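Participant: Quick paste from Swiss-Prot:
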type	residues	note
BINDING	149-204	ATP binding site
BINDING	Asp275, Glu288	Mg(2+) 1 binding site
BINDING	Glu288, Asn290	Mg(2+) 2 binding site
DOMAIN	121-321	domain 'ATP-grasp'
Amino acid sequence: MKKNIAIVAGGDSSEIVISLKSADGIYSFIDKDKYNLYIAIVKRDEWAVILPSGEHTPIDKNDFSFKENGVTRHFDFAYITIHGTPGEDGRLQGYFDMIGMPYSSCGMLVSALTFNKYVCNHYLKDFGVKIAASIHLFKGETITDEEVVTRLGLPIFVKPNDGGSSFGVTKVKEVSAIQPAIAKAFGEGREVILERFIDGTEVTCGCYKVEGKEVVFPLTEVVTNNEFFDFDAKYNGQVDEITPARISTELTELIQCETSRIYDILGAKGLIRVDYIIPADGEPVLLEINTTPGMTATSFIPQQVRAAGLDIKDVMTDIIEDELKNRKTK
């Protein structure tokens with residue numbers, strides 16, 4: 001009998017549109033000969049499954065079940081593709097753990113850690129991972145322009161500490177723009193990072209590990225036509241994404257090994273993507289970890305899967321079956 005898979009999308013952040021696009025991508029990637037697929041919407045004001053008719057039917061939060069044609073149906077697995085809260089920050093993972101639902105992503109603690117960019121990067125720094133100098137602010141805290149320039153110089157990036165898809169991010173090149181950029185970032189959350197700008201080549205590397213198999217994908221080089229890799233560049237085509245990246249074999253292997261090492265340090269699960277900047281000295285600097293990476297047809301992970309000569313359908317099956325098997329043995 002085919003398993004019922006919930007592709008869980010939505011969320012309560014600015015990234016909901018991207019989440020829904022990723023859900024459509026995942027729906028097209030998963031093997032429909034093996035699984036029954038449903039898109040489930042999880043938002044603050046709606047938990048619902050989208051039926052084939054387009055009707056939204058409510059989810060019973062007690063066990064994440066739903067009714068179809070009067071019949072109660074239960075899910076066997078949840079593929080989480082919510083970018084932002086509650087699917088990327090550990091909240092949904094904690095709920096699924098409580099009800100015993102297998103799911104695709106990192107667990108609650110790892111998801112919460114990686115969602116907090118500042119804390120995650122400084123945690124990894126203790127393991128020898130190179131990171132950019134940065135300043136962290138909570139809402140209500142202030143900092144003078146002079147202190148920012150003294151500690152970080154210019155240019156800098158100002159961004160929400162717990163957001164993605166470049167919402168609320170500003171590249172600041174002049175002192176007069178520092179405070180407006182901080183205010184903009186606080187519009188997306190209660191914590192903000194000011195980070196030293198590093199000039200270099202931006203690359204990203206995907207990875208997943210299942211029992212008996214480790215897959216680290218070819219790197220993608222990100223060349224944006226905009227000031228930086230912002231929302232417009234990511235989703236409106238203002239970027240060249242080159243897979244494999246135009247860097248040396250030695251540097252590629254170094255970054256792939258570092259990505260695999262970060263996966264193990266974190267105790268990650270499912271697909272992750274790690275972003276780096278390579279400065280002139282050639283030593284990669286960690287930018288951030290993505291534990292629910294975008295999965296539209298043109299997103300980095302599908303590109304890297306193709307470049308590796310793999311079938312995205314097989315990758316999805318690996319992740320689903322490994323978690324189903326592991327849950328049975330727990």
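Including glycine, each Cβ sits where the backbone N, Cα and C put it.
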Participant: The domain 'ATP-grasp' (121-321): mean pLDDT?
Facilitator: 93
Participant: Tell me the Cβ neighbour count for Glu191 (ATP binding site), meaning other Cβ atoms within 10 Å of its Cβ, over all protein chains shown.
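Facilitator: Result for Glu191 (ATP binding site): 20 other Cβ atoms within 10 Å.
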Participant: Got a sec? Which of these binding-site residues, Val149, Ile156, Ala177, Ile198, has the most Cβ atoms within 10 Å?
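Facilitator: That would be Ile156, with the highest Cβ count within 10 Å.
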Participant: Let me know how many other Cβ atoms fall within 10 Å of the Cβ of Thr170 (ATP binding site).
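Facilitator: I count 21 other Cβ atoms within 10 Å of it.
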Participant: Test of understanding: give the count of other CB atoms lying within 10 angstroms of the CB of Asn290 (Mg(2+) 2 binding site).
Facilitator: 21
Participant: Please report the Cα separation of Thr170 (ATP binding site) and Asn290 (Mg(2+) 2 binding site) in Å, rounded to an integer.
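Facilitator: Approximately 20 Å lies between the Cα of Thr170 (ATP binding site) and that of Asn290 (Mg(2+) 2 binding site).
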Participant: Taking only the Cα atoms, work out how far Asp275 (Mg(2+) 1 binding site) lies from Asn290 (Mg(2+) 2 binding site), in Å, as a whole number.
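Facilitator: The Cα atom of Asp275 (Mg(2+) 1 binding site) is 8 Å away from the Cα atom of Asn290 (Mg(2+) 2 binding site).
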Participant: Distance check, please: Cα of Glu288 (Mg(2+) 1 binding site) against Cα of Ile198 (ATP binding site), rounded to an integer number of angstrom.
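Facilitator: Cα-Cα, rounded: 14 Å.
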Participant: Give me the long-range Cβ neighbours of Lys184 (ATP binding site): same chain, 6+ apart, Cβ under 8 Å, in sequence order.
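Facilitator: Listed in sequence order, they are Val158, Gly168, Thr170.
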